[in-house]
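Undergrad: Here's a structure for you.
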Amino acid sequence: MASGFLTGYKHRKPFDYGYIAVEPPHELYYERYGSISGKPVVFLHGGPGSNISTDNASFFDPKAYHIILFNQRGAGRSKPLAEVQANTILDLIGDIELLKRHFEIKKWHMVFGGSWGSTLALAYAQTYPTSVGSLVLRGVLLGTKEELDSIHSSTMCKSFFPDAYESWLKFLPTEHRVDPHAAYYNIMMSDDMSLRRAAARAWNKRELSMSQIDETTEIFSMLEDEDWSLAHAKLELHYFHDNLFLEPGQLLLERNIKATEHIPTSIVHGRNDILCPPAAAWSLHKALPNSKLFLIPGAGHSANEPATKSKLVEVCDEFRRLLMT
């Protein structure tokens, strides 16, 4: 522990890893940590198109939890890289259920998702409510019209990171700057790999600039991983182009909220989150009055900001004691 903050648990190499074939052409890469006899938890990464790492397991006590990390379709080490065919939120929901069956898990003790992972976690829980024992959601994104309009118009970036916004815009030819999201989408879906990689770098640099309050050069080192950069940009644009493959307001519809209102839910959100403003977390908390909401003072979007990570570890520790029904 440093400065009063919980820093998480140390994990060595995964005790199991490999690939699971799902709908062609996709194969999902997974890693398992902790205790095989522990309470099963699945970690859902963000993006869409992000990646997993051993650090993602650090929220969970290895003596208490059986931790499953996996790369979503087209992301990280899943194959094929950056593939958008058969890649929608419904496909990913099915994959989570397939993983549960593959590892002979009756019910997830916890589904943990951050950013886009929170969207996917909530959508999964609403589709398979009896499969979910608890939810831990961080940096909530609900995919509402207001959120998507703000993303498409780059409202927050223009207001708080005008330098990053201008650099992002200048990558595009002048005539394509009227609708930059459409321009980036068209590039990322083109056959010009050299241009796609350059556009991916520009796209991701803007987002990384917005992801944490204390901007460090370390976060931009992710751009050197060209496969991550390509998958993250392409899959993000693929999903946002189709409004995350959600109906308007889907996750807050009364029937969907009722399906999950019995599930113990904790929401952790940075008070100063620019990428996913805390209004979404507040809306979800009001819709689920039995949920717990923790707004972290001075924190942005990143799960690795000290106060945010500490609270997430604390929440996961508390859920160890939760009895499944």
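Our numbering is plain: 1 for the first residue shown, then up by one each step along the chain.
Glycine too: its Cβ is placed from the backbone N, Cα and C atoms.
Unlike curated records, TrEMBL annotations are generated automatically.
Okay, so TrEMBL annotates it like this:
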{"type": "ACT_SITE", "residues": "Ser115", "note": "active site, nucleophile"}
{"type": "ACT_SITE", "residues": "Asp273", "note": "active site"}
{"type": "ACT_SITE", "residues": "His301", "note": "active site, proton donor"}
{"type": "DOMAIN", "residues": "39-305", "note": "domain 'AB hydrolase-1'"}
Undergrad: Expressed to the nearest Å, what is the distance separating His301 (active site, proton donor) and Asp273 (active site) at their Cα atoms?
TA: 5
Undergrad: Test of understanding: give the count of other CB atoms lying within 10 angstroms of the CB of His301 (active site, proton donor).
TA: 25
Undergrad: Pop the Cα-Cα gap between Asp273 (active site) and Ser115 (active site, nucleophile) into the table, whole Å please.
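TA: About 11 Å separates the two Cα atoms.
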Undergrad: Return the count of C-beta atoms lying within 10 angstroms of the C-beta of the residue listed as 'active site', excluding that atom itself.
TA: 29
